[in-house]
Amino acid sequence: MCVCCCGSTDSVRLVHGSSLCSGRLEVRSDQSWSSVCEEDLDLNDTQVVCRELGCGAPGLLQGGLYGEGEAPVWTSELQCEGNESVVLDCRRSSSAGKTCSPGTAAGLTCTDPDGVRLVGQPSQCAGTVEIQHQGHWRPVGDYYERWDLKSGSAVCQYLDCGSAVSVDRTDDSPRRPVWWVSARCVKLTSELRDCVE
């Protein structure tokens, strides 16, 4: 099941990772995206990034892990306290003309949000729905083919990604085992993993 959502956080993103909770960190400022240097981040900063994205706790922070990218380097250093809701609420110090050494564009991995994620697309709010159940990540299967925009929107809202703009049945994982998930249940509950049949 592939879901595309219309909303997402608009000040930070993780790109080129395996899910919305991993990738190279980019910050949006003045309507453009910029990479962040690994040396400019600490635990408090990464906690706020992961929180803003609707992810769990920060895990791995490593320069160059998800490539260097084409984006310019963000010229501010974050100084988060760790309790802010969004990165743009954090204090920042300016460092005009800053460049990152090769291999130091910040790559961050946060824990996935409560066992539900969208994977396989460049956007953190679009992709194949996967659920972690019984310790295994698997794509969602819809045996009765009843997933619609309402069930897709439930997934988007669960991931803080707005509402669904499209829901498509995907055939990209016919050989992978799936978790059969009731679309009716998804529309009625806030705990999506409870809908695995």
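Here the Cβ of each residue, glycine as well, is placed from N, Cα and C on the backbone.
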Have a look at TrEMBL and say which candidate in C80, C100 forms the disulphide with C90.
C80
Which one, C161, C195, is listed by TrEMBL as the other cysteine in the disulfide with C185?
C195
So which one is it: of the disulfide-bonded residues C80, C90, C185, C195, which has the fewest other Cβ atoms within 10 Å?
C185
Rounded to an integer, what is the Cα-Cα distance in Å between C195 (disulfide bond) and C80 (disulfide bond)?
37
Express the predicted model's confidence over the domain 'SRCR' (12-111) as a mean pLDDT, rounded to an integer.
83
Reduce the DSSP letter at C90 (disulfide bond) to three states and note it down.
coil
